[in-house]
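Everything on this sheet refers to the single structure shown next.
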């Protein structure tokens, strides 16, 4: 069956099953006060010609303006076919020992599986963005100061000349009249829009937090709606060498050492972006970057003076606060990805409890979240808990499952009572009308108790709809 005949096939089925309208996501996008964003950053989003429509932004620039390089960290896809920008960003972080001053992002083309030319193009984007930065004192200089990300169709070359011209247009020295760089919500929103592919809204969030009475800000943006089942880890010392997906960038004006920023980001990603699934497919380009430029810790009278960085070994208390704030923030951003899943009509939390280890709980939650049978039942608003058990029992964990200890419930988010459907291995007499009411809601939780230990984990997922197949059946056209 050709991709274009798939929608026709579904039309034939529609006589017995009516496709539901995709709910609006506009309420997830709202203005944020300019004061909520971290100090010391300039951003913009541009149209440079990667995408076909001139009213759709396709290049984002993020610059740190502090007098020293920001601490930088990244978590990258573990896909064997890592895209060129992933390889280049890993190398920049390695050679700079976790320092960077800028991020450049294009959408519309993944620059993945593009061979040597793809790597050369990614490096060209790095050098062009480096040229926008103010010179640093000689002792702070480093060769490459920019991290790069790309998203879009795999296997196609970048229109690199258009991208480089767009970057150069933002020079505050040679072309100040054409620069749209800014620090407020409008600039953040433009940058977030330039990240987007099949996303339906720009995803921007900000928060304020305190460490020992000192106030800091953290803000970030991400994109993704399909080909989403991330498995990201910290950069490797050397890089090794389909449709690109999850990108994100988190900026803070706190001062955090590079090793501790990487440690906190790795911890947070495992509990957020690595715990979401739209369709079970891992991308070649998945990347989350974090910059901590220390602008809020600088002395206004002497901004060039050194600042004390939060570090997990020398300041364990401050590091723990920062790590927890970053984790909560990445969870917020990750949930936005699932809520904007391609064709999704449901946002579902899969809560696995009573596992022998955290890894076991995540493994079970992941399997349920990626089961096509579970996800189609969610779309059909069918509380088919047998599919949940079948998915659970299909994998191996560190201890044998004991069916007589397993319980399953559907939990509404409105605070009303959960609906148990299996208790200690025994099926319950289920009020089917109540079950349908719960799974017909836009948000609900599947709770699974394994009875094997004290560990738990959550995954966030969505349903499979006709619209998902339509979007991906002809994605390249």
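Glycine is no exception: its Cβ is also placed from the backbone N, Cα and C atoms.
Record features, source TrEMBL:
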{"type": "ACT_SITE", "residues": "245", "note": "active site, nucleophile"}
{"type": "BINDING", "residues": "197, 223, 245, 342, 472, 477", "note": "substrate binding site"}
If one looks at the chain holding residue 223 (substrate binding site), which residues at least 6 apart in sequence have a CB under 8 angstroms from its CB?
107, 151, 192, 195, 196, 197, 199, 203, 246, 247, 248, 337
Let me check the 10 A CB neighbour count of residue 342 (substrate binding site). How many other CB atoms are there?
26
Surrounding CB atoms that lie within 10 Å of the CB of residue 197 (substrate binding site), all protein chains:
25
Neighbouring C-beta atoms (10 Å sphere around the C-beta of residue 472 (substrate binding site)):
19
